[in-house]
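Quick look at what TrEMBL lists:
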- 40-63: transmembrane segment (TRANSMEM)
- 75-95: transmembrane segment (TRANSMEM)
- 116-135: transmembrane segment (TRANSMEM)
- 168-187: transmembrane segment (TRANSMEM)
- 199-218: transmembrane segment (TRANSMEM)
- 238-258: transmembrane segment (TRANSMEM)
- 279-303: transmembrane segment (TRANSMEM)
- 333-354: transmembrane segment (TRANSMEM)
- 392-414: transmembrane segment (TRANSMEM)
- 420-439: transmembrane segment (TRANSMEM)
- 451-475: transmembrane segment (TRANSMEM)
- 487-506: transmembrane segment (TRANSMEM)
Amino acid sequence: MAWKKAPAAADAEVGGGGDTGQARLRELGYKQELKRDLSVLSNFAFSFAIISVLTGVTTLYNTGLTFGGPATMTFGWFVAGTFTMAVGLSMAEICSSFPTSGGLYYWSARLSGKRWAPFASWITGWFNIVGQWAVTTSVDFSLAQLIQVIILLGTGGKNGGGYTASKYVVIAFHAAILLSHAAINSLPISWLSFFGQFAAAWNMLGVFVLMIAVPTVATERASAKFVFTHFNTDNSAGIHSNLYIFVLGLLMSQYTLTGYDASAHMTEETKNADRNGPIGIISAIGISIIVGWGYILGITFAVKDIPYLLSRENDAGGYAIAEVFYLAFKNRYGNGVGGIICLGIIAVAIYFCGMSSVTSNSRMAYAFSRDGAMPLSSVWHQVNKHEVPINAVWLSAFISLCMALPSLGSLVAFQAMVSIATIGLYIAYALPILFRVTLARKYFVPGPFHLGRYGVAVGWTAVLWVATITVLFSLPVTYPVTKDTLNYTPVAVGGLFLLVLSSWLVSARHWFRGPVTNLDG
């Protein structure tokens, strides 16, 4: 891993301290349309807020408890984290060379060669943007579900006559959350920078508060042996292989450690983006791994009875972390108000995670439409007087709402939809890295941040990891397999691929030429 002075950086410094990212953007064929006002801290904050360990771990803690329990979560976190860092390092190296809002799809175009550039950028771009929309959908829907649980506990819990919101109320919560996120993302980038940094600070402080408060308040605590070695095989899913159980338990960690491509999509608004973009990606992953592990440990030390926490008959209706918090305070103080406040801390973190996700979505939609890849591209590419891609913001919120509507008919269908949030997005991460270590291996020109002689090895590690999790997370999660228990991930991801491929063969191959310059003259 090393830093070097790129030609663009040298030219900018000679010219009097100009912005190296802006100079590089012009070299890549784009004029500056978005306001370049983000510091490296702000760039990091967007990715850190989207990764949001409070969001991912809380949302899928049930999955971690069910498949392997404490041992899988404790050690699986580092397995997923190590390979995720390989993906992040490879992305950071490419981001340093090509700091544009288009990010992944632009990288694929530049690294796949002139012949394959249009097709490569088409496939990568659609997997990236649909994956991002799925992330926003899953994040904001999980917040709506958490609000439902908070209301349930606040009105007495399931066993105390508490109010259980219907699926229509939950979707209404989801719509209201998305509406507010679109409104916030319509503000100038200086406001978004403030909210992004606040979100990062909230996530960081929230983790430390919860990891200390919950096990401290709990009247009964798990032993270190339980937290680090207990492997739960009682999953009621008909799965008995320890390796299979461990693999399925990794989903919690891998789902959490996504979304760091936001730093790439924000580069056209980041000062000295060829340096600060890569820093944003790597630091967001690294810090998330550390604080996320602390959060998992803190909460798991308050876990005693796994079957009860997963039971739909407990006060939280089977929402494990909520029940952990609620019981910790109820057993200590006679009521669970403190636990509900802890859930409120998480709810705020999830809210900002969704907000930052919409920000990233809109920048990707802006860049993709700038190159004419989306229907009505001229509409989504528009920026307002504050230099914000306003139409892309509202488009992203609307599509994320539509992607949640299948939950009204079937949660299985909805889960298939949001599975694209992990697998689809990681496929988009892997494609430009694959092109960098194969087709572009001999002519790739690194930017200020590069991995040196280790670039190819790290890149192949990243690609093979994505290929591995694509297969593993497509495996059945319950036996026997029926239409209600089938893992629809391969159906959803395969369906997306067929749709994107067919649109290319039928139409796009005749007119889409990949990224195009928008410089005047």
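Yeah, the Cβs are placed from backbone N, Cα and C, and that goes for glycine too.
Between the transmembrane segment (40-63) and the listed ranges 116-135, 238-258, 392-414, 451-475, 487-506, the one holding the most Cβ pairs under 8 Å is 238-258. Non-local neighbours of the transmembrane segment (168-187) in the same chain are 136, 140-141, 143-145, 147-148, 195, 351, 354-355, 358-359, 362, 384, 386, 388, 390, 393-394, 396-397, 400-401, 404-405, 407-408; each lies 6+ residues outside the stretch with a CB under 8 Å from one of its CB atoms.
For the transmembrane segment (392-414), the neighbouring stretch richest in Cβ pairs under 8 Å, chosen from 116-135, 238-258, 279-303, 420-439, is 116-135. Most Cβ pairs under 8 Å to the transmembrane segment (116-135), among the stretches 199-218, 279-303, 333-354, 420-439, belong to 420-439.
Listed as Cβ neighbours of the transmembrane segment (238-258) (distance under 8 Å, sequence separation of 6 or more from its ends, same chain) are residues 50-53, 55-57, 59-61, 63-64, 66-69, 72-73, 76-77, 79-81, 84, 135, 231-232, 285, 288-289, 292, 421-422, 425-426, 469, 472-473, 475, 477-480. Sequence-distant contacts of the transmembrane segment (420-439) (same chain, six or more residues past either end, CB-CB distance under 8 Å): 87, 90-91, 93-94, 104-105, 107-108, 111-113, 116, 120, 123-125, 127-128, 130-132, 134-135, 137-138, 251, 254-255, 258-259, 261, 455-456, 459-460, 462-463, 466-467, 469-470, 473-474, 489, 492-493, 496. When each of the listed stretches 75-95, 279-303, 333-354 is scored by C-beta pairs under 8 angstroms to the transmembrane segment (199-218), 279-303 comes out highest. Here the transmembrane segment (75-95) has long-range neighbours at 1, 64, 68, 103-104, 107, 111, 228, 246, 249-250, 252-254, 257, 260-261, 263-264, 267, 274, 277-279, 281-282, 284-286, 289, 292-293, 296, 426, 429-430, 432-433, 436, 446-447, 449-451, 455, 458-459, 461-462, 465-466, meaning same-chain residues at least 6 beyond its ends whose C-beta is under 8 angstroms from one of its own.
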